[in-house]
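Annotated in TrEMBL:
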type     : residues : note
TRANSMEM : 28-45    : transmembrane segment
TRANSMEM : 51-75    : transmembrane segment
TRANSMEM : 96-117   : transmembrane segment
TRANSMEM : 123-139  : transmembrane segment
TRANSMEM : 151-169  : transmembrane segment
TRANSMEM : 175-198  : transmembrane segment
TRANSMEM : 219-239  : transmembrane segment
TRANSMEM : 245-264  : transmembrane segment
TRANSMEM : 276-295  : transmembrane segment
Amino acid sequence: MTTVRTESLTLAPPSAWRCYLKLCKLKVVSLVVFTALVAMVLASPPGNLPWVTVLAATIGIALAGASAAAFNHIADRDIDQVMGRTQNRPLPSGNISRTSATVFATTLGALAMLILWTMVNPFTAVLTLLTLIGYAVVYTRYLKWIGPQNIVLGGASGAAPAMLGWSAITGTIGWEAFALFLIIFVWTPPHFWALAVARREEYAKAGVPMLPVTHGVPYTKHSIFAYALFLIPVSYLPVTVGLSGPFYLIGATILGGMFAVRAYKLMYVDSDQLAMRLFGFSITYLTLLFALLLVDHYLPVHGWAW
Ligand code: HEM
Ligand SMILES: CC(C)=CCC/C(C)=C/CC/C(C)=C/COP(=O)(O)OP(=O)(O)O
């Protein structure tokens, strides 16, 4: 016999730890940390990974990213209340107070600095702090409001963790680190604008001058395609600076082609669903591209000596 349980329709508030986890933007920060981790592996000779430094830097960068995300939630609580996508977040829904969120974000940031300064190197700790401020303050409080190039400039803080990974191992920043930075920097506009096309009405309602709001959907879709095309040669930079070889080159060409074809199709189809699919593909693209760099690094015959 089946038992039918009737449940109250009133939703219980989410548990505190779930709210704190939500503040950390776990999925975004995971990909950010993955790019940093790949940079660390590429900066180390194959088979000779400095495990303690890699572990400490991964934890430190993850904590800093989560702290920056939590500060972003605090600064954006008013506009988050206006947009459907964000109105159930812990601050606009009242599940976490501003003070608790501030204490949480500050604690994570301080822990990150302590770990990076003492167990990695002071240079990486300072760069991470600048990245945190770049996202939580410069992008969130200022760039977001200046006009449609906001996220092109804001993309620098999302791209910086690849450099942080490199400097964690080498103590410096070289062309190799800059090549990885540029890939994420050029990837960010098509990544975000695809979502902004689908969510343009919410951004307009919140008064945020994102590209589809200020310049319309057709212009944004052309810009997405232009950036997706430009991303193909930029994704070859790791080969140019000697970080990877033909295996990566072939993979990057296939992935870049898939991204560009999808962006091209979006220009001729009026569908928010398709825009969201491109947004989803942008995440798959970056994940696979960095996974290719990793695999290429460990190939028995590395580089061009095939
Ligand atoms: C200024 C730069 C960036 C902007 C404006 C931006 C914007 C966004 C937005 C608005 C979302 C939707 C979030 C949500 O609904 O909760 C998102 C999701 C995401 N972003 Fe970005 N992003 C940027 C940079 C990055 C970077 C650098 C990465 C990784 C390297 C990244 C990875 C992701 C991932 C993995 C998601 C999916 C989250 C999910 O499925 O819940 N983003 N991004
Ligand atoms: C190491 C370190 C400090 C890294 C920081 C990098 C980082 C967390 C980048 C996140 C980029 C991002 C999700 C931007 C969207 O913000 P948004 O406010 O436009 O999006 P939202 O409306 O979803 O909040």
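Glycine is treated like the rest: Cβ placed from N, Cα and C.
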(request) Return the stretch with the most CB pairs under 8 A relative to the transmembrane segment (123-139), choosing among 96-117, 151-169, 175-198, 245-264, 276-295. (result) 151-169
(request) Give me the stretch from 51-75, 151-169, 276-295 with the greatest number of Cβ pairs under 8 Å to the transmembrane segment (96-117). (result) 51-75
(request) Would you kindly list the residues that approach the transmembrane segment (51-75) from elsewhere in its chain, counting only those six or more residues past its ends and only Cβ-Cβ distances under 8 Å? (result) 23-26, 28-29, 32-33, 36-37, 40-41, 44, 89-91, 98, 101-102, 104-106, 108-109, 111-113, 115-116, 119-120, 124-125, 128-129, 131-132, 135-137, 140-141, 157, 161, 164-165, 168-169
(request) Grab the same-chain neighbours of the transmembrane segment (245-264) for me: Cβ-Cβ under 8 Å, and only residues 6 or more beyond its ends, written as numbers and ranges. (result) 190, 221, 224-225, 228-229, 231-232, 235-236, 238-239, 277-278, 281-282, 285, 288-289, 292-293, 295-296, 299, 302-304, 306
